2 protein chains.
Amino acid sequence: MSEENENIGFELTDELLEQVRQLVEEQNDKELQKFLEEFHYADIAEILDDLNLEEAIYVIKLLDSETTADILMELDEDNREKVLRNLSAKEIAEEVEELDTDDAADIIAELPEERRHEVISNIIDEEHKAIIKELLLYDEDTAGGLMAKELVKVYETWTVAGCMRRIRGQAKDVTRVHSIYVVDKNERLIGRLSLKDLITAKSEQKIAEISNSNVDSVNVHDEAEDVVRIMQKYDLEAIPVVDDDQVLLGRITIDDIVDVMKEEAEKDYQLAAGITGDVEADDTIWRLTKARLPWLLIGMFGGIGAASIINGFSGAFQKFPILLIFIPLIQATAGNVGVQSSAIVVQGLANDTIDGKIFSRLFKEFILALVNGLAISIIVLGISHFIFHTSYFESLTICVALVTVIIMAAIIGTFIPIFLDKRGVDAAVATGPFITTSNDVFGIFIYFLIAKMILGF
Amino acid sequence: MSEENENIGFELTDELLEQVRQLVEEQNDKELQKFLEEFHYADIAEILDDLNLEEAIYVIKLLDSETTADILMELDEDNREKVLRNLSAKEIAEEVEELDTDDAADIIAELPEERRHEVISNIIDEEHKAIIKELLLYDEDTAGGLMAKELVKVYETWTVAGCMRRIRGQAKDVTRVHSIYVVDKNERLIGRLSLKDLITAKSEQKIAEISNSNVDSVNVHDEAEDVVRIMQKYDLEAIPVVDDDQVLLGRITIDDIVDVMKEEAEKDYQLAAGITGDVEADDTIWRLTKARLPWLLIGMFGGIGAASIINGFSGAFQKFPILLIFIPLIQATAGNVGVQSSAIVVQGLANDTIDGKIFSRLFKEFILALVNGLAISIIVLGISHFIFHTSYFESLTICVALVTVIIMAAIIGTFIPIFLDKRGVDAAVATGPFITTSNDVFGIFIYFLIAKMILGF
């Protein structure tokens, strides 16, 4: 990192935190303001996330609302909630006035129902207020919930010169222009052009002549995850949002998509590890317990199920006690294979690369499981024979069971996510503890069943 | 989806595929061209991914290189490799000439060493050739490996009017302008301005007056994942890349970052499930085996380890056979808790939210594990007593073991990723099968140790 770009090389050190704490404690407002001025709002948010609540609120109240509005957006959700609880409705309204409409609506949506109205009624700018009210009507998981109303719009009948004049006014409110959207007299989206097209065109040309009528858009009710997929697939940096009559309502920009992508990826990763509810390492014990205990309980009931199965086959472990020591091996292998298969399918479903090809997927997993199963069986055969001195039939039992359990685990791991997806359930829940537990129980059952068939107890 | 935006509503149906196949088979070039013309290149890539190789190559050779270059970039990596193997060096060079320099370099980097030179020597545009050669020198996981040379650059001494004239020429080669970068006479980056700033400024103003000197940049040797974190954190849509002397070399745009983010997320998700090497559902059996078998072998050796432990405590299961049926429960719980803990830590490490706070993390995991452990123990106590009729000391053994194993699994799950991260190893490997296996083995060992202490066999 070069010296000139100190922001980009930002690192939150203990010394830095201590310095801020000191200044807050001394109530040295002037120095504190001067000190924080140097930092990007995202860095200040990182600092505030590590201060205690009183200190954070002190800083928020000290800085001007233009900066603090951006800081608020970057804070951890939990910390933001706490800070907002300590600000008056009027103070929140001031922050909200500084934000783009989509961020403003997101902040207000996080407030408890009764505070929302209070904050909204404190917003002075009537247009901003009306827009926020409109945006709050959309579900947060739809295009409407992601869009901002700030955009640059021109009418097809304008000339390039007239357009340049008019958009100078509009563009001031829009942080990043991306595309200029062309509408007809009924406000219906009919094309787009870039600022580049505009400045490289002749000033007397009509907008209709230089605009591109091939404009992608999403419907305001489309699901957020579809919008993410579309923007990613077509490498779009902004996409206009229209209603059912093709009337231009707003636009979604790539920075919001990046945030959604990150959240989705973290949620899926946690689900695969048996954690629900998008928690973070520094959440409260209570929140973390709510996120984790249910999945442990699933595993526990699976363990109890397995105990019942083993108990049911108690005849076996009187005659062939050596079989019991391989239970962990069977269980671990079943669990691992199941998670592998389901993870691949969950990812394929998310990327839309497995549609309707269930049988070919199952067949492929079958072959793959057979190959892996045989490889593992051969090694286990040697080890069980030479180290644990299993008899011929005992070894056979273990190996046949391993191959069967691997194949079955692969098929369960493949089938369950596809089944859930068909039913409209998020397939991502069907990996991690869920698959591991089902495979543990099935695996042990199959193990004893095969033992019974081969050894006949 | 509205009818006007057919691209956005694209769905790859069997009928559509059949239609393309039919046209290829009939060698009906004119109809095929007309048919495919309607689709976005990303959609055509999706179609080609589902055709067989000969059909795909037929289509690639039929369409003009402007379209096929973009299609190539969107193809599955494996399919792209196969297609490129079937094109001559000259044909590849033609495709490459149509691409932005970063994409062009990426394509060439995927070719085998000896073909690279052949393709490069077939590139006609000398400037494009020189730039690609330069880009190939950078490691693909660095800022240099992500950057494109296409950008709009102005000198601080220019006027707005002069600038507008000059950038009309430059902008033609740049797909999306984002920022205009301001350099001094030594080509050093000293500021930036947006097209919006330019069109809202007066034409006689000097660039130096309207440009923003607070310009973020990354060094050409910075790691790709740091660039991703920075662009995400600061909501940047493009970032300039400079060398150690602050000379402007290129820029990285958000669409490349989105691709890196997606790849990283998929890689981490797969690692957590015990799959290495970024495979996809439709990869070959051999590739999938290479990605999955090693992790299954880790689990297998864990299973063998567990078998040895149980075998070593064989005195126990002669006296207290009921203990054995709870092995799966102990094992499943240890595995689940370990994966939960490690996933949270791995994510925290990736987001840079746990630095240096190892002991507070461990303490928190300890408390959390105690809470979860007690909750599960109480339920298991009831079940083991009423269903499996365990004695008082047997029940005590099971519950004490459960709580201990949960605490230990949580600590191992927390500690291992942090330890690996400190050593410079990607912490993401330390979840899934790796953690599950270590916890399985330790868990079973602790179970028997506690049994020995309480029941004294």
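One is the number of the first residue shown, and numbering goes on along the chain from there.
Using the three backbone atoms N, Cα and C, a Cβ is placed for every residue, glycine included.
As written in TrEMBL, here are the features:
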type	residues	note
DOMAIN	A:147-209	domain 'CBS'
DOMAIN	A:210-267	domain 'CBS'
TRANSMEM	A:295-314	transmembrane segment
TRANSMEM	A:320-346	transmembrane segment
TRANSMEM	A:366-389	transmembrane segment
TRANSMEM	A:395-420	transmembrane segment
TRANSMEM	A:427-450	transmembrane segment
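For the transmembrane segment (A:366-389), the partner stretch with the highest count of Cβ pairs under 8 angstroms, out of A:295-314, A:395-420, A:427-450, is A:395-420. Under the criterion of 3 or more C-beta pairs below 8 Å, with sequence separation of 6 or more, the transmembrane segment (A:395-420) and the transmembrane segment (A:427-450) qualify as touching. Long-range contacts of the transmembrane segment (A:427-450) within the same chain, counting only residues at least 6 positions beyond its ends with a Cβ under 8 Å from a Cβ of the stretch, are 267-268, 271-274, 295-296, 298-299, 301-303, 305-306, 309-310, 312-313, 316, 323, 326-327, 330-331, 333-335, 337-339, 342-343, 345-346, 349-350, 397, 400-401, 404-405, 408-409, 412-413, 416-418, 420-421. The average pLDDT for the domain 'CBS' (A:210-267) in the predicted structure is 90. Look at the domain 'CBS' (A:147-209): DSSP puts its residues at 21 helix, 19 strand, 23 coil. Residue counts for the domain 'CBS' (A:210-267) by DSSP state, with H, G and I taken as helix and E and B as strand, are 25 helix, 16 strand, 17 coil.
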